[in-house]
Amino acid sequence: MADAELAKKMLRGILQANKGGVSLSRLQSEYKELTGEHIPHKQMGHSNLDTLLASMPSLVRVERNRSGEMVCFASGAKETAHLAKVVARQRSSKKTGRPHLVNTQMRVKPAAPLVLNAKPQTSLRQPNHRGRGGGRGGGMSNQNTSSRKGNPPPDKRMTLPSRFQKEVHAHLSRNSQQTAPSNLNESFGSGKGRHYNPQLVQSRIREILAKYSNGFWVSKLPQIYRELYKQDLPTEAIKDLETWTHICIVEKTCSSNPERLLYPAKEQTTTSSSSPILNPPASPATLSPDLKQKLEELLVKYSSGLWAHALPKLFQDTYKTKLPGHVLENLDLLSDICTIDYPMPDNPKRAILYRRSSTGGGGGEDENCNRRNSSTSEEELRVRKELGRRLSNQAVPPLQIPKEEYPSVLVVEATNTNGVILRYIGEGYSQAQESMEDEMREFYGMDQNSPTPVSSLSSGQLVAVRAEEEEEILRAQVCEVMTDKVKVYYVDHGFSEVISKNKVFELHEKFFKLPFQATKCKLAGLEPFCQEPAVLKKFEMMASGKILLAEILERGQTPLVVLYDTSQDDDININAACMKALQDKTLASPLQVNSAYMNVTVSSVCSDGTIYCQLPSRGFAKMNETLEKIETYFHSQVTSEFLVSRPFCGKGCLARYKGKWSRVEITNLHGSRVLDILFIDVGVQASVEVFELREIPPPFLRDLVAIPPQAVKCCLADLAVSVGSWTPDAVQWLREKVLNTSDCSMKVAKVDESKRCIYVHLFTDKNFHDPARSLNHQMAQSDLFKQQPDVFLTSHSPARIPTPTSSTKTCSTGDSTNGCPTSANVPAKPHFRRALSGPKSSALSSPSSSPQLPPLLELPSIGNNMDVYVSLACHPGHFVLQPWGDMYRLVVLMGEMILYYNKTEAKPLNIEKNQVYAAKVENSWHRVLIKGVLNSGLVSVYELDYGKHELVSCTQLRPLIKEFRQLPFQGITAQLAGVKQRQWSEEASIVFRHHVEKKPMVAQLEAIQEATNPWERKLTVFLVDTSQEEKDIWVHDIMAEFADELTNEL
């Protein structure tokens, strides 16, 4: 009962904080954001959320708004007013808009969300921010809202870190209309109005580049300069870097990443002696124009970078000729077409190549231009042009695409998947539209001063219209004028209607300010089938009229998106579902209960006991025939057009399986270069790099899309042990029996539609009439299912492990090539399945006697600032920071760990407490510290790079090899400075978490508590949110104020 009352209090707090109402999906999301759980309607005795809310009329009132969306309002109870203030305070500190809240039910994507979802380079600092003076402890007062166009109070601004100075200067150099550079913070320079000695700085930068001849990030320059010369780099020097072409070259890697690289001018690159890759004397000094052009074509396909080691195979596959060996031996030869980065300092052979932009900074300008004009359809441009002739002093601004990667959208309709009409949901979009329409309803009221209908109408004119069914006033464009009626298009709602002329009014100038809200998008992957009736019918059924999540892949005039329905337990990829509507069901493998099938091939045996079978069918024969044609086609093509440059979840493409091209579906992305795929005709999952994928050639696309997946998911029937509880011996025994055997037979016992699984009796010959000869019977009579946990757990800890429920997870699958098993606690749904690659060793492996730990994370001195990402926040006394400077190195490391550990055999480990291992958590591999071992087969681990505690199966642990021990552990615990440490209440912890967790911030170092082990170090820092335009938010001020409020209320 206490849980039900708490749920009601939390719901009331959310409703009271949203005075204008909150949608059902947003209510669910805000509740989960506050509590970490979904609204427990089932535990409270209701089958769905709607019936729960209907049973609480004293708490909530549910209405349908003009958009057809169900909106919840508070019923006016006041006993939890202070909780409402908690929620309101959280909301007031957020950035503009909260449509991202719908995302909370979405699967974790990407595996390194801090890189793709948090972009401090652009979000921490706005280009027109003024500088900050001293006052490290004072913080920003909440009452200080002075505009940055005026003179900011010098004692209330935080010192601007050099990273942000650089970005401000870079932006100003590309946008002459911005404020002058002299208005910026000068704390790292030589002071406002002072001059510096360019010759001295140039000579020093030349010395630095001699040490780092392969280049480094511009953001690192101030730190390197200060360490070498004990002086701060002048601010103006950062701005002048791009003009010193005789000293250095400044290059932007790609349009999606505003960070820049700095490397020596061309005349220095060949003379440097400190390059980690030495030039062989016999190597050519330059590349031929043809070779250079081909390499540039490959780099164009991979805007997020390409590993140098991938070049030879990629070059061979694409151009049918061998890459000259001297290219990899001397990467400096590529310096005029790409920039070279070494994310693993200990391994100079591991380099990432980034295509060089045609002009410095051009990528950023193009992206800004796209963003300004994004979502502006040709129809809207034509309307504005017409309006410009009629109302020369009025113009409707273009609609901006939301900044977040996953905005919520209301789908209106689609007659073509290349032009789906939708509206963005959230503040600044749907909320601004409703406010405008409320104002329009008052302005065009029914009193004596109400405007009169327009006397003359013309096509293209913008007007105000009183809707036919409801007494609403909406903005519309005249499409066609008839005798006494007029056809109008509602520019904010995306549909047309024929109405009487007396309902059309002149649109007042104040209603021209809001952009047209109805816009268009393009569904990724469906471009060749954009008008297929089956696709449009499926889309209408699954998406029209619903609020969905939109993953924006490409920001352009018509954004390229993937839509997800997150309202169910499992997220539904709308794009992928529409693609599956093109499948020809007659080509699927025929399966009926009590039917027997011969010539069955078992293509995969998963570590949880699930098997995948291929059955003879028309679809299987057609698939093989088409793939053979594709093999021949690829051999005849010399082009880079089939390289996959924009991967996304649900995309269908091709990858190599046992040396031949096979159909795959992308199931998960880990950053921009590593992804998980499913071979849909084999049932094998794998992790690959993006350069290993190929697009399906257009001549064969329709044929392949029509063939359903040929791998049928099966389970062995009549076994006492359920899927997910198989022992390694049982899995190995079954693999040895059935893999590489093409004449198996099976008899169908049951079809489970809910689990999409077929229960069968499996035979290694054609004697399916005798049940005693089935593998099911043989396994049931054997000792294969007797668990022997001590084989895996030779070191136990009797201590109880206090792992929070909210972060406790069990590993869900086996993963490696031999498919080690999962524990009984593991769900049946597998994520990683691989074919057997070799026999499993029975020897125990253990960490080396003196394992090498990474070097300690370098920290600034006391009183200085550092850019951080808050990966975890429990309360002001405990949160985890990640330094932003080398965060891309962590992404690279985790991608390498995924590729390495998903391809290696799992061996029983001698698990030792307080030792470092690699552990698979969900879909990613992490560097972890063993905190304790349970007799159940679960292990408590601490993620050393993210600061989270997890429970994983012992089978998901691997030795952490030396290559992955070079990068310092990135997670460091901290406590908030400026507040008295205490036992923080749940409400205070909620406020703190939602101000800082999963956000890029600026941390000012107050104290360092050193320790023997790197994971025991602790910092005391001030945290500052610099994302708002008007002011900086010092988090300790908020928490002190909140603590005072609670004290006063008590």
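Glycine residues also receive a Cβ, built from the backbone N, Cα and C atoms like all the rest.
Positions annotated as domain 'HTH OST-type' by TrEMBL: 3-76, 197-266, 287-357. According to TrEMBL, the region 'Disordered' annotation covers 108-195, 266-285, 355-381, 796-856. If you look up TrEMBL, you'll see 154-170 marked as compositional bias 'Basic and acidic residues'. Positions annotated as compositional bias 'Polar residues' by TrEMBL: 173-188, 267-277, 814-825. Annotation comment: TrEMBL describes 456-514 as domain 'Tudor'. Positions annotated as compositional bias 'Low complexity' by TrEMBL: 802-813, 836-856.
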Write out how many residues of the domain 'Tudor' (456-514) are helix, how many strand and how many coil, based on DSSP. 7 helix, 29 strand, 23 coil
Reduced to three DSSP states, the domain 'HTH OST-type' (3-76) has 33 helix, 12 strand, 29 coil
Please average pLDDT over the domain 'Tudor' (456-514) for the predicted structure. 87
Go ahead and report the DSSP secondary structure tallies for the domain 'HTH OST-type' (287-357): helix first, then strand, then coil. 33 helix, 10 strand, 28 coil
So how many of the residues in the domain 'HTH OST-type' (197-266) end up helix, strand or coil by DSSP? 36 helix, 17 strand, 17 coil
